[in-house]
Amino acid sequence: MKADIIIKEEIKKQLNKRPLLLDGAMGTMLQTYGLKPGECPEEWNISHPQVITKIHQEYINAGADIILTNTFGASKIKLSNFGLVNDMVKINESAVKIAKEAINKERGSKKRIFIGGSVGPTGKILEPYGDLKISEVYKNYQEQVVILEKVGVDLIILETFYDLEEIRAALKATKENTNLMVIASLTFDQNLKTIYGVSPEKAVTVLESEGTDGIGANCGTGPEVLYEVLKMMKKVSQTYLLVEPNAGIPEFIEGKIIYPVSPKIMADYTEKFIQLGVNMIGGCCGTTPLHIKAMSDKIKNNLMVM
């Protein structure tokens, strides 16, 4: 669609001017609103849309330039774990409509808020080590991203992947079936590789050669490790860089799951990411609107002295 190409150029224009701030966690935020272990977060787009809207609004008020739809696990293969395959279209469509509603309710900010369609891994093992065929993976992502484009996301963010072949299939499905900007992000362990042994440099080389508009890292163990990953990516990347760290490794304290990285620490790392040349900065598991607000303030302060 012509509109998608115009939006892609608008996003790139913004990225060439300054870093864009993404929102923070959705899943761990939903837990604070009552999401139970083993419950499908994406189903809340149907059963609790007001909660999703509220979380989006909190992130917009905190300063986010890009909010991500609650569709991380909304592909058919992932939803099959919950018996929700027949609701796939409704879940994805509802997610985008909710994000649009949240933006419309916060129009007082006057700035342009972009909607990123969040797309996550299947959680399955691909052939030859598992049973899932690459053609099935391609179709799985094709169906989801086509819906997300149709309902009106501004870009696709493939996030928390660890299998290079799976994210390649997701990237191919997005590039061949939509006109959307697409960012490819993987998750790395403390050894600076994915659990499948993929290095940051290899991820960049392969995915940029196959047409991704941006590359990055998210989730994992926290900002310290991802800073090292992004340094490695920066050396070989020719495109936009994204980072979305967890608020550290969760700890179980007095019956509660606590993420140790404070908003201040996340803001300090935001400055380091800016100095490194990262273009899109947000938060993953354990981050809250308080983290995003602190990160927003840090970005604003850096822009004032540039």
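Glycine is treated like the rest: Cβ placed from N, Cα and C.
TrEMBL: automatically predicted annotations, no manual curation.
Note that the structure is predicted; figures quoted are calculated from it, not measured.
Annotated in TrEMBL:
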- Cys219, Cys284, Cys285: Zn(2+) binding site (BINDING)
- 8-299: domain 'Hcy-binding' (DOMAIN)
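In this structure, the binding-site residues under consideration are Cys219, Cys284, Cys285, and the one with the smallest number of other Cβ atoms within 10 Å of its Cβ is Cys219. In the predicted model, the domain 'Hcy-binding' (8-299) shows an average pLDDT of 96. Residues Ala25, Thr160, Thr187, Asn218, Gly220, Glu244, Pro245, Asn246, Gly283, Gly286, Thr287 surround the recorded Zn(2+) site, their Cβ atoms falling within 8 Å of the Cβ centroid of Cys219, Cys284, Cys285, which are themselves excluded. According to DSSP, Cys219 (Zn(2+) binding site) is assigned to a strand segment.
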